[in-house]
Amino acid sequence: MKLIEVKDYNEMSQKAAEYIIEKVRNHPRINLGLATGGTPVGTYKILIEDHQKNGTSYQEVTTFNLDEYIGLSGNNPNSYRYFMNEKLFNHLDINKNNTFIPSGVAEDIQTECLRYEQLIAQHGGVDLQILGIGQNGHIGFNEPGTSFESNTHVVDLAPSTIKANARFFDNEEEVPTKAITMGIATIMKSKEILLLVSGESKNDAMHKLWNGEVTESFPASILKNHPYVTIIADQAAVAGLKIHS
Ligand SMILES: O=P(O)(O)OC[C@H]1O[C@](O)(CO)[C@@H](O)[C@@H]1O
């Protein structure tokens, strides 16, 4: 894993956006894996600004999102489909038919999991996956204890994740308790991974990721086994970390 340390959230967003823009410019037909949550929002903003100012085009880009809440349709402002449309897709020249997110309201959720997994494979896999990390080490919605062999699947959200994500809802009771997520094996099949980490609340997770063992009780630890991971993390997230040990 390569670690790029930056000052703060803004610098992380800037660096991450530059990284993605370069890839998109060099590979206009790239398959991007995208994440939701608070972490990538600043990055998405800069991608939009760059598209408007410099004309970076997403016409041929395909995207696959990591996850979606079960029970929320794309019209629901708390769904990840809505989030992605608002925060990114509506402001780019991307063809929305090429933006894929698991459906949280599919009649048969197990079939939807299979379909999503196959869809990614049929497109040749994800070239660059953007990831955030949960305070408990989750990636996508893969909570501690998830098998490293898992493909796209249904998860029960950990109470701590529900609490952390309640800030996006009117109250905690409204946060769905289940989600559909790319599995750990799905994520690991990405050719390249860009992990974004910002803030003191992620400091503990960053320490466990950097210094801890590879274990299913800390899902992000599997990234150590991936050949091509870049982490962009800010000072608050890496404080106390011995980077050059
Ligand atoms: O970026 P945040 O809001 O801290 O969330 C971290 C991670 O948690 C999730 O939002 C899932 O809870 C992921 O999509 C995200 O990468």
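Just so you know, glycine gets a Cβ as well, placed from its N, Cα and C.
Feature annotations, courtesy of TrEMBL:
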- ASP67: active site, proton acceptor (ACT_SITE)
- ASN136: active site, for ring-opening step (ACT_SITE)
- HIS138: active site, proton acceptor (ACT_SITE)
- GLU143: active site, for ring-opening step (ACT_SITE)
- 10-224: domain 'Glucosamine/galactosamine-6-phosphate isomerase' (DOMAIN)
Rounded Cα separation (Å) that holds between ASN136 (active site, for ring-opening step) and GLU143 (active site, for ring-opening step): 8
Fewest Cβ neighbours within 10 Å, where candidates are the active-site residues ASP67, ASN136, GLU143: ASN136
Rounded distance in angstrom between the Cα atoms of HIS138 (active site, proton acceptor) and ASP67 (active site, proton acceptor): 12
